[in-house]
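This report refers to the structure that appears directly beneath it.
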Amino acid sequence: WLVVLGSFLVHSFVFAPTEYIFGIFEHHYLTIFPESSPSSIAFVGSVGSAVTYLAGFLAGIVADRFGFRLTAMTGSVIMTVALILASFSTQVWHLYLTQGVLFGIGASLTYYPAIAAPSHYFSRKRGLATGIAVSGVGAGGLILAPLTDSLIGHFDIYWTLRILAFICFLEASITEDKSFFEALKVFKDPQFLSLSIAELAASIGFLIPLYYMQTYAVFIGLSQEKGALILGLTSGASLAGRVLLGVISDYVPNSYALLFCSWATALAIVILWTIARSFGMLLLSGLIFGFFGGGYLSLVPVAVADSFGTMQMASTIGLMYAAAGFGMLAGAPLAGFLLD
């Protein structure tokens, strides 16, 4: 359970600056860099998120080879440095390199040990343990979204980045050993390829609500603070979904739960967000998206552990999530291009 706690703390921060609170950065970066378009700003977070996943093919193998704890701690240091460097950015391309590429590399080294670790210690309650661990993302978003918005209001976005860098310095996990070429053998498995294609498809649309929900809230006449609140509550719903659906996956076939979460997440956006013209409807869209989207993310590692075992789980998840990196890189900037 201490390993689950460590994984929870890692998850609470590792995706926040590039995904779950990036909508707040998107809104403020457009003010700081008025010559930039929504798509060019969205590319900052998309690059960070995409690199986190794309580097997974290497980060997972490094974690299995050199140990989870050392890999995660190294990644934490890189993330901290990236946010500090981002706080001195004077042009958007500086953010691409710092909050984007460098933070993504650090996040990748930290994330894959954290997502793999709980499955090494649980079998009967694997869904519950993984659900609690990955619910850290929702908890982090729930706390960090309003906190980040408040910090920017009281200080500025640059000092906010430095404070977030300080918060980043709280992570650790375990150890193991496998070779690079042995890890690559999983590509021969049709089930692995199927899951990888599913991850690619899901990742294309996943970041769009997180990046543009606050911007859309302002567009329909809500205040900036209400937009940040919706984003934070969406993360809170993600926290609940990750835990509850993780528990459910211990009692029902994982594939059924994954499929249901996929449809519910899509319908929350295709139907509810499309007709949202008020605080209540936009919040409902965000809550359903967060709950079932978070559940989906908690179920994937359980599916990997059940299907392929835990002996080189960080490598397997890293290789599979690398496919998602291409979708992350394309989705939000494409949405920004359409918005432009």
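The backbone N, Cα and C atoms fix where each Cβ goes, glycine too.
Here is what TrEMBL says about this protein:
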type: DOMAIN; residues: 1-340; note: domain 'Major facilitator superfamily (MFS) profile'
type: TRANSMEM; residues: 39-63; note: transmembrane segment
type: TRANSMEM; residues: 70-89; note: transmembrane segment
type: TRANSMEM; residues: 95-115; note: transmembrane segment
type: TRANSMEM; residues: 127-145; note: transmembrane segment
type: TRANSMEM; residues: 151-172; note: transmembrane segment
type: TRANSMEM; residues: 192-212; note: transmembrane segment
type: TRANSMEM; residues: 227-245; note: transmembrane segment
type: TRANSMEM; residues: 257-276; note: transmembrane segment
type: TRANSMEM; residues: 282-305; note: transmembrane segment
type: TRANSMEM; residues: 317-339; note: transmembrane segment
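Within the chain, the transmembrane segment (70-89) has long-range Cβ neighbours (under 8 A, six or more residues past its boundaries) at 10, 13-14, 17, 59, 62-63, 95, 97-99, 102-103, 105-114, 158-159, 161-162, 164-166, 168-173.
Taking pairs at least six residues apart, the transmembrane segment (192-212) and the transmembrane segment (282-305) share three or more Cβ pairs below 8 Å and count as touching. Proximity of the transmembrane segment (282-305) to the transmembrane segment (151-172) is not established, fewer than 3 Cβ-Cβ distances being under 8 Å for residue pairs spaced 6 or more apart. Touching of the transmembrane segment (39-63) and the transmembrane segment (151-172) is ruled out by the presence of fewer than three CB pairs under 8 A, sequence neighbours closer than 6 excluded. Tertiary neighbourhood of the transmembrane segment (95-115): same-chain residues 6-7, 10-11, 14-15, 17-18, 25, 29, 43-56, 58-60, 62-63, 68-69, 71-72, 74-83, 85-86, 89, 130, 133-134, 161, 171, 173-174, 301, 314, 317-318, 321, selected by CB-CB distance under 8 Å and a gap of 6+ residues from either end. Counting residues 6+ beyond its ends, the transmembrane segment (151-172) has Cβ neighbours under 8 Å at 6, 9-10, 13, 16-17, 24-25, 28-29, 32, 69, 72-73, 75-76, 79-84, 86-88, 99, 110, 114, 144 in the same chain. The average pLDDT the prediction assigns to the domain 'Major facilitator superfamily (MFS) profile' (1-340) is 82. Within its own chain, the transmembrane segment (257-276) is flanked in space by residues 198, 202, 205, 208-209, 216, 220, 241, 245, 248-249, 282, 284-285, 288-289, 291-293, 295-296, 299-300, 303, which lie at least six positions past its ends and keep a Cβ under 8 Å from the stretch.
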